[in-house]
Amino acid sequence: MEDNNLKGSPYHRHRDPEAGGSPSIDVYDVSSNPFDIASTKNAPIDRLKRWRQAALVLNASRRFRYTLDLKKEEDKQHTLRKIRAHAQAIRAAYLFQRAGGQRETTPPILRGDFGISQDQLAEITKDDTSAALEEYGGVKGLSELLKTNLDKGIHGDGADLLERRNIFGSNTYPRKKGRTFWMFLWEAWQDLTLIILIIAAVASLVLGIKTEGIKEGWYDGGSIAFAVILVIVVTAISDYRQSLQFQNLNEEKRNIFVEVVRGGRRVEVSIYDIVVGDVVPLNIGDQVPADGVLITGHSLAIDESSMTGESKIVHKDSKGPFLMSGCKVADGSGTMLVTSVGINTEWGLLMASISEDTGEETPLQVRLNGVATFIGIVGLTVAVAVLIVLLIRYFTGHTKNSDGTVQFKAGTTSVSDAVDGAIKIITVAVTIVVVAVPEGLPLAVTLTLAYSMRKMMADKALVRRLSACETMGSATTICSDKTGTLTLNQMTVVETYVGGKKIVPPDSGSHLSSTLVSLLIEGIAQNTNGSVFTPDGGDEVEVSGSPTEKAILHWGVKIGMNFDAVRSESSILHVFPFNSEKKRGGVALRLADAQVHIHWKGAAEIVLASCTQYMDFNGQLVPMDEEKNMFFKEAIEDMAANSLRCVAIAYRTCDSKDVPSDEEHSTKWVLPDDELILLAIVGLKDPCRPGVKDAVQLCQNAGVKVRMVTGDNIKTARAIALECGILGSDADATEPNLIEGKSFRALSDAQREEVAEKISVMGRSSPNDKLLLVQALRKRGHVVAVTGDGTNDAPALHEADIGLAMGIQGTEVAKESSDIIILDDNFSSVVKVVRWGRSVYANIQKFIQFQLTVNVAALVINVVAAVSSGNVPLNAVQLLWVNLIMDTLGALALATEPPTDHLMHRSPVGRREPLITNIMWRNMLVQAAYQVIVLLVLNFRGRIILNLQHDDNAHAEKVKNTLIFNAFVFCQIFNEFNARKPDEFNVFAGITKNRLFMGIVGLTLILQVVIIEFLGKFTSTVKLNWKYWIISLVIAVISWPLALAGKLIPVPETPLSNYFSRAYHRLKRIFCSRGRSA
């Protein structure tokens, strides 16, 4: 049932959704590194499985929570197939029953004042034949039963809407509940290391109570258990809050706004507010908002793949008038009468049966899983080494108590004491693993993305795909539309040529002939998707439609058009909807006297090329000679040079016998578009958006090239590009910087790649030209962001690294193919998305720098102390507190830093750029080395330095270890400030704007004071006097000037990882060559 008219449609490029899509540019190259995925957009399932299997994971349910649940995805597709099969079986059974004459004759129960019940409406839809509809008098009869006027819609007042919802239901469906807090708590429990620690805590508790009694013996085991529970609760709270943010964002995504006709005027309502009886206009790219029947349609083609699973286009007419909720308009236009909503539709049943999975991994998330795995392996190795060393030292009698006595003596120490000592050693080793394996590292991406997505909503950007958020930080070029994105999309007719002359003022029609005005008004009123509503009070008319349509309709009203009267004087035979490829749209009309007029409207120079005559002031037809043709061409060029959009209006007559008489032939009729008579050329002004020039300049400073891709005249595009700053001067406005779509299209693949690099403006481009440009740029290694609003933009949006659909002018098809929706259609909002994308990457790097510094310092201090003395200065409870600061609180503080202008003075982040840069390595090593040296000096010489030689051994050891713990925690708190600005000297810039950061730092400080002063029994610490607090503070404060000095150390341009990689490959080649020679 497909039509050649749809060859330019994006539906021909989309594969069956169940079969999965694959991009035309291969970015999923098979790499030896399973964590190296350049883009997760439409990544193959096998590629996603590889990195999951390679990751070292201690808590799979938490680590993989915000990744795509591959099993659930398979189950979802299976459920979809079952529901579709079920719906088709019900329909087949109903038709069989009907054919056998076994239809039940139980009278329906009618409710309210309506002449039809919901069950009867459902039967009509299930039957899916026009015969069932005819039993109720066709669409006209059905509308009367539903108390709907097919032209003016329902009344739409509060009482009417409430009654319809009560009787026929609302357009909502029950959704599966999200996970509760208790489920997050349960997931947080399932960490292998935490489970081992709980077991160790229970064993320690039992042994402690047995040996020391319940009053003193529960502290060791109880404190570990309390610390573990605290980690679990804080983790669950953080994860639960993230989940709520995602749920709110998903609600925003689902809330589509559609046009309905109520009380004679077109109004925009939420899809949830649609009621049975509503009259809904449908245009190309719209989603069918509910089940219904077609009232009128012109070349209306529906993509039903979302419901049937088959990727085919179905044409709708009076023989097949039924429309299913959730389907998309692939071509044409029409109006529908809503017959079923919400759970009474197949779409509602489908949506209620599947839970929407928000899981989706991002390239950064995958890479961080790789980093976490590497660090985890190192940490695990260190923990095992510490465990072995401590156990050997303990059981060989080399581990001593603080008073100098040996802890274990063979044959003397009781079994319970020996087990208790071994449990403490195992606890320390396991806690090292807790600190060393950064489970929170990949989740930090989700945290910063959730934060960024919420803030981006305030900046008028709705993120549909998580990965787009971070990919935008790598964007090297933005291919932007002109109309509505760079301009305000507020068009007005400012210049007109009618009757072969320029009209001043443009809306002065009094001196034109009645024939010319009549034909002009007829073309404006009938060849449009817009409408004009005149209120009863005679107030100013309300015009709806696209900005171009609204501007022309306003102009028509000013020259005397009565919209409703003109439309009633003729009937529409056939419509050729505006086509992005042909840049024009047409309509065939039958007048009261049986004459047939065909009106065309579109790009001025294209329509003009089809004109052989024009109508003069007196309504006489004049041949279009060379001189007049040149006059009109020059007029178009002058208007375009002044950044006006030029639209021509023309018509021709047609012999009645050439018009198809039956509906089947009528839908395939190609409207004649030759020998046209030019009626008017209008110039529409669409001013540039305020601030767009600054936004373009900001992009260029940030290393992001902005390219304008527009369907408008090349001269209009040039004028706007100069005004916006995309073209710097007239000297830049030459080929190949400035190119027409047809010229670019004609090039070979290799030439296109070469030219694409230089293009700044492409005029008179088709959606396919935009797709070719995106493909050429991606082959050149660019990370491409593309804006689009039309249905035909869907392939380019899908192909691009980041597809940006327009929220106001964008069709539902464009939005569903996009990654981010720009809610205000403003280019400045696109630039804000770039800032946020860079901010995501920068915040993750801050968190990595902070976390790795803690990791390295904690591991080195404990390992060196364990190997040399058999004791560790940082015990299990203290390490768990450090882990809490590092994982959850640290992520909250650093992953929620707002973007700064500094981010837009850098080049885009390369896809393959190492996560840990040379600058980060330098900062980490400086801070970690400082902490390790100071704390190890305190560990081995602390009693002398602190003048504790004369104190009791046990007390002196506790004071020393407490100071080490306190200084260590203070160092991390102060280092959080350093991590805020890894490459800037002023780490305090903008700190007051981030209240969350200040709050977390303040909370951590208060809790640390509470731990030292009041919870010593739990943490094995003692109270410190003011001198030791000052020492801790001084040790921590030194990290600030040290960080400043460290930033003066130059770092090589080549990433450190490259040196290691070269050394590894060199060694590999040596071993391989030796193996072959052997």
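Glycine is no exception: its Cβ is also placed from the backbone N, Cα and C atoms.
TrEMBL annotations: computationally assigned, not manually curated.
Features reported for this protein in TrEMBL:
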REGION    1-25  region 'Disordered'
DOMAIN    135-209  domain 'Cation-transporting P-type ATPase N-terminal'
TRANSMEM  184-209  transmembrane segment
TRANSMEM  221-240  transmembrane segment
TRANSMEM  371-395  transmembrane segment
TRANSMEM  425-451  transmembrane segment
TRANSMEM  847-867  transmembrane segment
TRANSMEM  919-938  transmembrane segment
TRANSMEM  996-1016  transmembrane segment
TRANSMEM  1028-1049  transmembrane segment
Model confidence over the domain 'Cation-transporting P-type ATPase N-terminal' (135-209) (mean pLDDT, whole number): 83
Stretch-level contact, the transmembrane segment (371-395) and the transmembrane segment (221-240), CB cutoff 8 A, at least 3 pairs: no
Sequence-remote partners of the transmembrane segment (221-240) [C-beta within less than 8 Å, at least six residues beyond its ends]: 62, 65, 181, 184-185, 187-189, 194, 197-198, 200-208, 427, 440, 443, 447, 876-877, 880-881, 883-884, 887-889, 891-892, 1017-1020
Cβ-based contact of the transmembrane segment (1028-1049) with the transmembrane segment (919-938), 3 or more pairs under 8 Å: yes
DSSP residue counts for the domain 'Cation-transporting P-type ATPase N-terminal' (135-209), split into helix, strand and coil: 46 helix, 3 strand, 26 coil
Same-chain residues near the transmembrane segment (919-938), Cβ under 8 Å, at least 6 residues beyond its ends: 845, 848-849, 852-853, 856-857, 860-861, 864-865, 873, 945-946, 960, 963-964, 967-968, 971, 975, 978-979, 982-983, 1035, 1038-1039, 1042-1043, 1046-1047, 1049, 1051, 1056
